[in-house]
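Features as listed in TrEMBL:
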type     : residues : note
DOMAIN   : 23-120   : domain 'Cytochrome oxidase subunit II transmembrane region profile'
DOMAIN   : 124-237  : domain 'Cytochrome oxidase subunit II copper A binding'
DOMAIN   : 245-348  : domain 'Cytochrome c'
TRANSMEM : 50-69    : transmembrane segment
TRANSMEM : 90-110   : transmembrane segment
Amino acid sequence: MMKPWKGIKRLLPLLAMSLLLSACGREDLSVLRPQGTVAQGQFDLIKLSISIMVVVMLVVFAIAAYVWIRFRRKPGQQEVPKQVEGNFKLEVVWTAIPLVLVLILGVFTVQKIFAFGEDYWNDKNAVRVQVTAHLFWWEFSYPDYGITTAQDMIIPTGKKIALELKTADVLHSFWVPSLAGKTDTNTDGTVNKAWIEAEQEGVYLGKCAELCGQSHAFMEFKVKSVSEESFNAWVESMKAPAVLPEDPAVAEVFRTQCLSCHAVGDQGGPIGPNLTGIGSRETVASILLNAEGSGNAVDTRPVQENMEAWLKDPQKWKPGNRMPDPKEDLGLTDAEIEAIAKYLADYKLSYE
Ligand code: CUA
C-alpha cells in the first residue's frame, strides 16, 4: 500500500502549479476589490453569507467533535448504549437557528436586490448611457449629449450612471467586476437596465461574461472614471467637428474605405466602432494596450504601433471579428495602412 506521505508528494507539483496559476489571475478582474457602490454592496453580501456559514460550520464541527469524544465506547464497555429517540427541545433549537440565519441572509439580500435594481434612467442627476454589445466590441451612446463612442466608457466619478443594455447580435453580458455584477444583453429585443457608480477616479476593466463566439475572451472594454470637469471637457471634444487625414489621398481612402462602417464625429456609418478620438483610448480594439493609457501597467505599446498591428491583420488579434481585412479585402497598401494608423493614433481628445 502507498504510504500517505508518498501521496502527498505526488500532489505537491499539482499544488505548486495551482498556486502559480492563481497568480496569473488578473487583479483588476476581481470582485474582491470593489471600487464602486454596487460592487461594494455585493461584496458585503458575500462577506455576510461567508461569515454566517463559517460560524455554522465551526459550531457544527465542535458539537460533532464533542459527541465523538464524549460518547465513544470506553475500554471494557460491552453493553449497548442507551438509545435516544427524539428530543423536542433540541429539535426546536436546530430548526429555529437556521430559520433565523436564513431570514437574516434573506432580508439583506432582498434589500440589495431592490437597491441595485433601482431604475435611475429618469433621475435628473444620473448620466444616461446606452450600451450595445456587438461581436466582439462594445458601443456606448450618451443620448443626452448626442455622442457615441466604443471600447472606453467615460464616466464622471461619484455620479450614478444609468445604463440601458442591449445587443446587436447574440447574447453577451456586461461585466465590470470592480464596479458591479453582470447584466446580460438579451437577444429577444428587450432592454436590461442597470446602474454603476465609481467612487474614485480610475480605469476599470470590463469583460463580456457570456460565451458569444470565437473571440469572446477578447471582448473587453474599459470604464474610465474621471472628474466631472474632465467628463464635460470630454463631451465637448467628442462633439467637435470631425478631424480627417490631412493628406487628401489618405483622406480619400479613409472616407471611402473606412467611413462606410466607422464614424468620426458626424461623418461615417454606425456599423463598426466609432473612431472619434481613438488615439486617446486605453486600447486599440480593447486588447492591444496603449502605452499612453492611464490604466495600463504592463505589456503596452505606443498607440500607433498597436493601430498598425491591428490594421495589418485584424483576424490575428480577434479571430472571427467582422472587420474586412484592410489589405486583402479592401486593397489598401502598406503605406496607406501606415498613414491611416498614424492619423488615428494622432486623433486625440483633450480632456484630462
Ligand atoms: Cu460577447 Cu462574450
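Heads up, the Cβ atoms here are built off N, Cα and C, so glycines get one too.
Beyond its flanks by at least six residues, the transmembrane segment (50-69) meets 98, 101, 104-105 of its own chain at Cβ-Cβ distances under 8 Å. Residue counts for the domain 'Cytochrome oxidase subunit II transmembrane region profile' (23-120) by DSSP state, with H, G and I taken as helix and E and B as strand, are 66 helix, 1 strand, 31 coil. Long-range contacts of the transmembrane segment (90-110) within its own chain (CB-CB distance under 8 A, at least 6 residues past either end) are made by residues 45, 48-49, 52, 56.
Under DSSP, the residues of the domain 'Cytochrome c' (245-348) split into helix, strand and coil as follows: 41 helix, 10 strand, 53 coil. The helix, strand and coil residue counts that DSSP assigns across the domain 'Cytochrome oxidase subunit II copper A binding' (124-237) are 13 helix, 61 strand, 40 coil. In the predicted structure, the domain 'Cytochrome oxidase subunit II copper A binding' (124-237) carries a mean pLDDT of 96.
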